[in-house]
C-alpha cells in the first residue's frame, strides 16, 4: 500500500511539475542562466500598451509618494515641537512605508522604480532599455510635481512659509557634506534594490520576490534617519525636483544640483558594485 502511494506521488510530481520549483534547491549555480541584457533602444515598446501602462503606474506611484511624504513633512514643520508631532522618525517611516507599499503595488506593472536614480542604476545594469528609462524618469518627475502641487493646494500659506518640503543642505554642513550624504544614501538604496530583485536569488529562493518591497522600504527608512539632518534626504531626484518646482524659491534651487548628481553617482556605483564585484557579470559573459 505504501509503495503504491509513493508511486502515485511520484507520478503526480512528474506530471504536474512546478513552473518555478520552491526552496533553496530550486536552481543551482550550474543550471542557472543569466537573463539577456535589455537592448539599448527598443522602438517596438512605443507601440505596446504595457509600455504606457508602466509609465502611468510610475506617475501615479510617484504622485502618491510625494503627496503623503510632503504632507507629513509639513505636519512636522507646523508643530511647535518634535514631541507634539511624528518627529524625524515619523517622517522617515512615511518615506520608507510609502516606498514599501508602492513598490509592492507597482512591481508587477513597471518594476516599482518610483525614483530616477533607481531607474538609472537598472539601466546601467541593462535591466531596461534607454527608451523605457527616459520615459520612466519623465513620468516620475511629472508625478512628483503633481503630488507636491496638491499638497500646496491644501496649505498655500504654510507651504511657502515652511519650506515646501524642498531639499536643501542644512546649516552647519557644506555642499560636499550634502553631496557625500546623497551619494552614500542612494548607494544603500540602489544596492538594496539590486539585491532584493536579483534574478539568481529569485530563482533559488522563491520567497525573495514576495519580500522584495520590505528591504527596499526599510533601506529608505534608515537612510532618512541618517541624512534628514544633513539634506532633508533626497536620494530621489524626482522627489527633490517636484518639491523645488512647487516651492520655487532661491534656497530650493541653490543646492538642487546636489540632489541629481549625488543620487546618480550613488546609483552608478551601486550598479557597478553589484554587477561587477558581487555578480561578476562581465566575466561570466566573457567565458560563455
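Note: Cβ is positioned from N, Cα and C throughout, glycine not excepted.
The feature region 'Disordered' is assigned by TrEMBL to 1-34.
Feature annotation from TrEMBL assigns transmembrane segment to 51-76 (among others).
Beyond the ends of the transmembrane segment (88-113), by six or more residues, the same chain brings 53-55, 57-58, 60-61, 64-65, 68-69, 72-73, 76, 82, 119, 122, 128, 136, 140, 197, 212-214, 216-222, 224-225, 228-229, 233 to within a C-beta distance below 8 angstroms of the stretch. Taken from TrEMBL, the feature transmembrane segment applies to 88-113 (among others).
Sequence annotations record features per position, and here TrEMBL assigns transmembrane segment to 133-151 (among others).
For the transmembrane segment (210-230), same-chain residues at least 6 beyond its ends with a Cβ under 8 Å from one of its own Cβ atoms are 88-89, 91-93, 95-101, 103-104, 107, 112, 169-170, 173, 177-178, 181-182, 185, 188-189, 192-193, 195-197. Positions annotated as transmembrane segment by TrEMBL: 210-230 (among others).
Per TrEMBL, transmembrane segment is recorded for 257-278 (among others).
Within its own chain, the transmembrane segment (257-278) is flanked in space by residues 115-118, 120-122, 124-125, 167, 169, 175, 178-187, 189-191, 193-195, 198, 231, 234-237, 240-241, which lie at least six positions past its ends and keep a Cβ under 8 Å from the stretch.
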